[in-house]
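Listed features, source TrEMBL:
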DOMAIN    A:3-181  domain 'Electron transfer flavoprotein alpha/beta-subunit N-terminal'
BINDING   A:ARG201, A:226-227, A:240-244, A:257-264, A:ASN278  FAD binding site
Amino acid sequence: MAVLVVAAHDGKTVRSNVANAVTAASQMGPEVHVLVAGSNAGEAAKSAAAIQGVAKVLDAEDTAYANWLAEDVAPLVVKLAPNYSHIVMAADSVGKNIAPRVAALLDVAQVSEAIQVVSPDTFVRPIYAGNAMATVQTADKIKVVTVRPTNFKAAATGGSAPIEQIGGTGAGGLASYVGAELSKSERPELTSAKIVVSGGRGLASGENFKMLEALADKLGAGLGASRAAVDAGYVPNDYQVGQTGKVVAPDLYIAIGISGAIQHLAGMKDSKTIVAINKDEEAPIFQVADYGIVGDLFQIVPELTAAVEKK
Amino acid sequence: MKVLVAVKRVIDYNVKIRVKADNTGVETANVKMSMNPFDEIAVEEAIRMKEKGQATEIIAFSAGPAQCQETIRTALAMGADRGVLVQTDAELQPLAVAKLMKAVVDKEQPGLVIVGKQAIDDDSNQTGQMLAALLGWSQGTFANKLNVADGSAELKREVDGGLENIKIKLPAVITTDLRLNEPRYASLPNIMKAKKKPIEVLAPDTLGVDIAPRLKVLKVEEPPKRKSGIKVKTVAELVDKLKNEAGVI
């Protein structure tokens, strides 16, 4: 039986993590289909069809799907589910919202944030903020799985899967979308950036994050933060890296003024190379850092910004 | 309007957990247990609704072993009115907890259920959404701000790109994110008062709920360890290492 990947998108293209989810899905079953639900989502459906390894794209058009309300999208997925062995979503804020609703409606368990597919019914997932890895097996007929995108390589583009138009299931009227306050940034998206510059409480103010922006812009990096910096109001919530925020695994992660609570480490310790800049030489962040500098970040960061070549 | 909040007993967030030597799970014997931090935020939100006159009664729900009564007592000391414990020593997974909560919701008929978005032990992030599905209710997940008025709720949700505003019909299930509020500490007089507040103890079978786990845990292991790195003295040395040793810039 085929595996259904439910794709989030912005109307023009599916999210970049859909390509990672397709890779995970291809390890679960012989054929991968992608569901693009939306209102005028034809372009997004085309972008899904271009992902290699996708055998078919289902384009479900309904005004009810315009803003990804779980109450309206879940019934569509449930309707399609009997044709599939697995329902897969990336473990982002859309997948985390919708997948459990689908699972409960199907009366099946959900495997959350799988980081490895051992076999079609067995998955490895982190628990306790990544301080333990659980291998879990599900006996449910339809398996609902969210996957952590950073643990699966993005499937390449260049495919040309057929797109099938399917009908919508309508609006249930339980919820309505009012609007969004999205952070505007020209920088690469945090979870897919090759380099991430991240700041913590040590920055002492939102104003001081400008210093990190200068470094990030020179490196072509995404900008992140610890929970402490977000709670203090230095930066918006979507900057948060950690157990309950975003999980990143860039080639280079530069942690600046971040002490390294286990909850933060959970979100970045799979990075290839970690740099820590902190004045406290006992800070736990140094235990996971490949390269550490003990010292005043207000001196080191401008010096580093001057020393690196512009990308 | 009655508000039901769920409180889970978990290993305290400050404890460095240890994986059992036989790889069957995580050591919980002689470990400090506390209320799941996201559930504290749920309790606080309900109390603020009561203080504003929007909630009439707050019921604190928990499921698990007898010691969960302590977790419920903490919620009562913060300001919840009474507790319901579904007591069992069996392993409970999110779908089972959602079904147990549904049974209690059917009985108590709250107008709103508030739960933490995830528990910091199994990190599932499922129970609230599953409960909403089973009840056929709307769900306001990852709430950053909640405003309840006239049969509906307006909320700000923490999403990947920032914040999203939605309006949902009541009754509904809300799951809390970190910035929704800052939970209060229980005062000593309130801790004393909480000892007299009632806790009803129920059994899963009297609620007619099958709690058998759907996921079989085959093993639990330590994550791979990062090898410890080095400290460099100067920025020049750091840049050199990043360029020539790590090859990342």
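For all residues, glycine too, the Cβ spot is worked out from N, Cα and C.
TrEMBL feature annotations superimposed on the structure.
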residue: A:ARG201; record: FAD binding site; Cβ contacts under 8 Å, 6 or more apart: A:SER226, A:ALA228, A:ALA229, A:ALA232, A:GLY257, A:ILE258, A:SER259
residue: A:GLN240; record: FAD binding site; Cβ contacts under 8 Å, 6 or more apart: A:GLY224, A:ALA225, A:SER226, A:ARG227, A:VAL230, A:LYS246, A:GLY267
residue: A:GLN243; record: FAD binding site; Cβ contacts under 8 Å, 6 or more apart: A:ALA129, A:GLY130, A:ILE262, A:GLN263, A:HIS264, A:ALA266, A:GLY267
residue: A:ALA261; record: FAD binding site; Cβ contacts under 8 Å, 6 or more apart: A:SER226, A:ARG227, A:GLY242, A:PRO284
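Neighbours of A:HIS264 (FAD binding site), defined as other CB atoms within 10 A of its CB across all chains, total 28. Proximity to chain B (CB-CB distance below 8 Å) holds for none of the binding-site residues A:ARG201, A:ILE258, A:ALA261, A:HIS264. In the structure as shown, the Cβ atom of A:ILE258 (FAD binding site) sits within 10 Å of 32 other Cβ atoms. DSSP classifies A:ARG201 (FAD binding site) as helix under the three-state reduction. Reduced to three states, the DSSP call for A:HIS264 (FAD binding site) is helix.
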